[in-house]
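Enquirer: Below is one structure. I have some questions about it.
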Amino acid sequence: MALHLSWVFVFGILGNVVSFMVSLSPLPTFYQIYKKKTSEGFQSLPYVVSLFSAMLWIYYALLKKDAMLLITINTFCCFIQSFYIVTYFYYGRKKEKLETVKLMLLFNVFGFGLVFFSTYFLHNPMTRLHILGYICMGFSLSVFAAPLAIVRKVIKTKSVEFMPFTLSVFLTLGAVMWFFYGLLLKDMNIAVPNVLGFIFGILQMILYAIYKNHPKKMVVEDPKLQLPDQHIVDVIKLESVVSSDVNTTAPQPYENRGGARGGVEAQNTKEKASDASQKV
């Protein structure tokens, strides 16, 4: 029994360490956001969803009462994801801030509130725990399936640019640690999602080994299409400002002055404008 608990503790600690490092992986992104004082078109959805997942697992661990190491890592995740969201919100544009507020209300207020109030007042504690466990397991499975989009992109582009190998390794190690932690606790709600996480992690590393030395394809596209949306908007605004400045400062004929002087100056103006346009 003591040996069994020791192994539970070991895998729980290792799972905490790996998950701690994975949680810190977005820090370089937010450092760039801080330096440039802009959200750079990044989305807040991954951080809102991660915060929601951590809240669910803390609630589950509190009801389970024998999963303290599950509480420790998810408490840290709540803190670091909240930090990411606040930073994103502070430097985001008005539209991005509104989208972040909507996502927070959807997942972290109404979503978590619905889960909490639909389970907390159930009379049978075991029924409450089982239902909450199924919810946590289902949500974790959907989160682990998210890398399918990256896998598809790697296969399509034959490039591993968007799939860092180190992150794939740590995600796979984390899945292994939490699988054995859940298995030793005889909790399939913890163990089962990490089987899928392990499979996708191995798949990503296999794809990395296949395509890491594959030559990159040089695709020539319309430069405007390669710009983020906000940059395109800025270019359009700049173009309209320049156009209005040209129209304002262009020499105008002296229509209010009659006679030959007005006609000559008007002609000179037209010729200058024509010469200027030819030079451009």
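Glycine is treated like the rest: Cβ placed from N, Cα and C.
Annotations per TrEMBL:
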REGION    247-280  region 'Disordered'
TRANSMEM  6-24  transmembrane segment
TRANSMEM  45-62  transmembrane segment
TRANSMEM  68-91  transmembrane segment
TRANSMEM  103-123  transmembrane segment
TRANSMEM  129-150  transmembrane segment
TRANSMEM  162-184  transmembrane segment
TRANSMEM  190-211  transmembrane segment
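Relative to the rest of the structure, where do these features sit?
Expert: Listed by sequence, the residues of this chain that lie at least six past the ends of the transmembrane segment (6-24) yet keep a Cβ under 8 A from its Cβ atoms are 69-70, 72-73, 76-77, 80-81, 167, 170-171, 173-174, 177-178, 180-181, 184-185.
Residues 26, 68, 70-71, 74-75, 77-78, 81-82, 84-85, 88, 100, 103-104, 107-108, 111-112, 115-116, 129, 132-133, 135-136, 139-140, 143, 189 of the same chain, all 6+ positions outside the transmembrane segment (45-62), place their C-beta atoms under 8 angstroms from a C-beta of that stretch.
Distant neighbours of the transmembrane segment (68-91): 9, 12-13, 15-16, 19-20, 23-24, 26, 30, 33-34, 37-39, 42, 44, 47-48, 50-51, 53-55, 57-58, 60-62, 97, 100, 104, 181, 190; these residues of the same chain sit at least 6 beyond its ends, with a Cβ under 8 Å from one of its Cβ atoms.
When Cβ-Cβ distances below 8 Å are used as the criterion, the transmembrane segment (103-123) is approached by residues 44-45, 48-49, 51-52, 55-56, 59, 85, 131-132, 135 of the same chain, each at least six residues removed from its ends.
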Enquirer: Give residue numbers and ranges for long-range contacts of the transmembrane segment (129-150): same chain, 6 or more residues beyond its ends, CB-CB under 8 A.
Expert: 49, 52-53, 56-57, 59-60, 63-64, 115, 119, 122, 162-163, 175, 187-189, 192-194, 196-197, 200, 204
Enquirer: Against which stretches of its own chain does the transmembrane segment (190-211) lie, if we need a Cβ under 8 Å and a gap of at least six residues from its ends?
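Expert: 67, 70, 137, 140-141, 143-145, 147-148, 150-151, 154-155, 158-160, 163, 165, 168-169, 171-172, 174-176, 178-183.
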